[in-house]
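Marked as domain 'Ciliary BBSome complex subunit 2 N-terminal' by TrEMBL: 19-124. As annotated by TrEMBL, domain 'Ciliary BBSome complex subunit 2 middle region' applies to 163-270. Marked as domain 'BBS2 GAE' by TrEMBL: 385-470. Annotated domain 'BBS2 platform' per TrEMBL: 480-563, in sequence order. Sequence annotations record features per position, and here TrEMBL assigns domain 'BBS2 hairpin' to 575-672.
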Amino acid sequence: MQPIYTFNLHHPVVAGCVTLGYYDGTHPSLTAATASDKIFIHSPHKKLSGSSGRICSSDASKEVVMLNLNQTITCIQSGQLDPESERDFLVVGSPRSILVYDVENNMDIFYKEVPEGVKVLTIGRLGKMGKPVVIAGGNCTIVGFDFQGNEVFWTITGDVVCSLALLDFDSDNFNELIVGSTDYDIRVFKDDEIMGELTETEAVTSLTPLQKTCFGYGLSNGTIGVYEKLQRLWRIKSKNKAITVFNYDIDGDGLDELIIGWSNGKVDGRNCRTGEVVFKDNFSSAVAGIVAGDYRLNGGRDLICCSVTGEVRGYQTNKVLRAPGRRVNYGHDAVRELFSKKQNLLLELSNYKESSNQAAEVVKAKIPMQTKLQCVVALNEKDLEKPHIDVTLFTNNDTVIRAVLVFCEGIFQGESHVLHPRDWELTRSVTVPITPVSNIPVDLHIKALIGQIDSTNFHLFELSRQLPRFAMLQLLKGKHEKPKSYSTFIVKERIQRIILWVNQNFLLQTEVTLAGLELELFFKALPTNKLVVFCVGSDNKITIFCDNMGLVGEITQSLANFLNVNDLEARAEFPNVEEKMKMLMHNMVELNEVRLQLSTDMASCLDSIRSHVIRIEDARIIEDVEGVLKWTTALATCNSDILKSYKVRNNNHEDLVKSLKQINKCIEQSSKLRVGKPQARLVELCRAAVKNNNVPAILRIFKTGIN
């Protein structure tokens with residue numbers, strides 16, 4: 001497909017920092033950040049004022065103005081924030097703050113310091129909030145502000161937030177917040193409660209809403225795909241990185257396609273249900289961003305793609321392909337599938353014909369009719385340095401396994417692993433070591449070449465296995481000393497259902513059975529060598545003993561999800577986490593005191609600089625050479641001092657961000673010990689306690705879930 005227009009902005013563009021805003025409510029303006037931490041605004045239909053405030057004119061084009069913010073830019077976004085206006089506002093995120101700017105009137109709306117930093121932004125209506133909000137994701141935190149700059153939303157997530165999207169996930173006519181983070185998780189927040197969680201294989205760098213309950217995603221390893229609620233529809237992996245994903249109806253069927261901009265300059269559009277490519281184009285450099293809007297003022301909505309070199313191309317919906325609202329021709333998929341089967345059958349027939357010409361090889365390639373490929377999965381704890389899971393494949397006769405290909409997400413680099421024994425090592429069995437990096441279910445798809453030991457032609461066998469979520473927890477025999485840390489809660493469920501959950505989520509040689517009225521199981525977490533004790537009493541009271549609060553939270557969430565528990569209170573004792581929180585809060589107080597002192601010193605130094613500049617100018621006017629030299633030397637000393645103070649302040653800020661991140665991580669792990677409203681309440685109470693530096697309250701909330 002050819003673009004309907006193309007032009008060059010003559011400015012380099014930062015990847016991921018592109019947006020389109022209607023700053024006067026009528027005329028669209030393409031906005032992007034440059035490598036020099038400035039923002040340029042391309043407005044072809046209306047000339048913007050460039051004589052005052054933060055805005056200045058650009059030498060490259062009369063249609064472009066520059067916005068100078070004097071701070072590092074991490075992300076930008078535009079959208080309607082004022083409920084009484086149709087104008088868009090520009091929102092700029094930085095490592096320490098968020099700025100909402102009125103481009104039309106060349107003025108700040110509000111500026112807020114955000115200690116956790118701002119990595120990504122989105123604007124829209126969240127939940128039952130009646131007014132639009134700007135939502136900022138940072139180091140483990142998500143903050144929402146209204147038009148007046150009031151904080152109206154705050155919650156935490158597992159790691160650094162790198163993508164956000166608003167979507168009516170549960171079809172209740174209210175938007176939920178979808179969050180992607182660097183801990184490979186996609187979380188769905190309904191208000192401040194987590195209503196769904198998905199685990200991917202890499203950091204989730206981009207998200208976009210699609211029609212109804214579907215959303216597209218992109219990972220840092222080049223994977224893209226689409227989910228419908230919590231069910232993945234499709235995924236593909238590329239050697240290039242997906243810079244951005246966007247939603248746009250490119251083929252005129254009334255349904256949005258997933259538009260992807262790649263690091264190699266490729267742009268393609270894929271059917272959101274099947275992943276089929278319906279549109280593609282190529283830039284000479286990496287794609288920086290994709291937006292959509294009425295850029296020609298003809299009442300349509302164009303797809304606009306921008307590269308990092310400033311090249312811009314516009315595309316429009318192809319209205320010839322299908323009438324609006326109609327679905328893809330169902331026969332098309334069937335024909336494509338039949339054609340694929342035909343090609344496979346022709347290839348198989350060709351192989352048979354080739355083999356029939358080599359009678360001797362046919363005899364060698366024959367294997368017994370009842371040949372089967374069997375699989376045994378077991379924990380291997382003998383390797384103390386790197387415990388793992390052994391997947392052993394073997395045949396039921398004298399045939400040998402020539403090669404094994406294992407497909408698995410998130411385990412192997414490139415998602416596949418090939419094992420090819422040497423000729424003198426061929427046997428009827430092969431063992432593949434697997435080390436899961438996190439506690440998630442893992443699907444293994446295995447292909448094995450099986451034949452006679454002296455054959456050059458082999459038969460292909462396939463099988464699939466799923467590793468349970470807690471496969472790296474080994475069930476121990478006998479009783480052991482319980483750890484001091486624990487979490488306890490009550491579930492109104494039969495103990496047989498809990499045993500069913502254990503058998504499905506742990507890698508066991510024999511299934512667990514109930515010998516009495518109570519259940520007590522001892523596990524060893526092989527990656528950390530920590531002991532985990534799972535106890536169920538006759539009164540439905542469950543206690544999990546373990547010094548790793550994160551692991552206890554994962555077990556609690558898995559069990560609650562299996563039993564369909566919506567709300568769960570818990571009491572917890574984790575002395576190691578309590579000591580860590582005391583230390584972190586103490587460090588945060590000290591760092592804040594140092595920050596305030598540094599700010600005072602810098603303000604004093606700035607006053608001295610202003611005074612020295614005035615004295616230098618006075619000395620110059622009266623031709624006092626000695627005075628000029630004296631105050632110039634003093635000015636240089638002040639300048640050196642302020643540079644040193646800035647470096648110290650910058651290091652102080654980095655240490656403060658690290659402390660806040662660890663504090664938020666502890667709060668997030670503690671919240672995972674609860675489910676539903678108690679989980680959201682704990683986060684809210686801890687937020688207030690951290691603001692007030694109330695350490696006893698934080699520890700009390702960690703233990704009981706209430707203040």
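A Cβ is built for glycine as well, from the same backbone N, Cα and C atoms used for every other residue.
These numbers come from a predicted model, not from an experiment.
Summarised as a single figure, the pLDDT of the domain 'BBS2 platform' (480-563) averages 93.
Secondary structure of the domain 'Ciliary BBSome complex subunit 2 middle region' (163-270) per DSSP, as helix, strand and coil residue counts: 0 helix, 67 strand, 41 coil. Residues of the domain 'Ciliary BBSome complex subunit 2 N-terminal' (19-124) grouped by DSSP class, helix first, strand second and coil last, total 0 helix, 49 strand, 57 coil. In the domain 'BBS2 platform' (480-563), the DSSP tally of helix, strand and coil residues is 25 helix, 25 strand, 34 coil.
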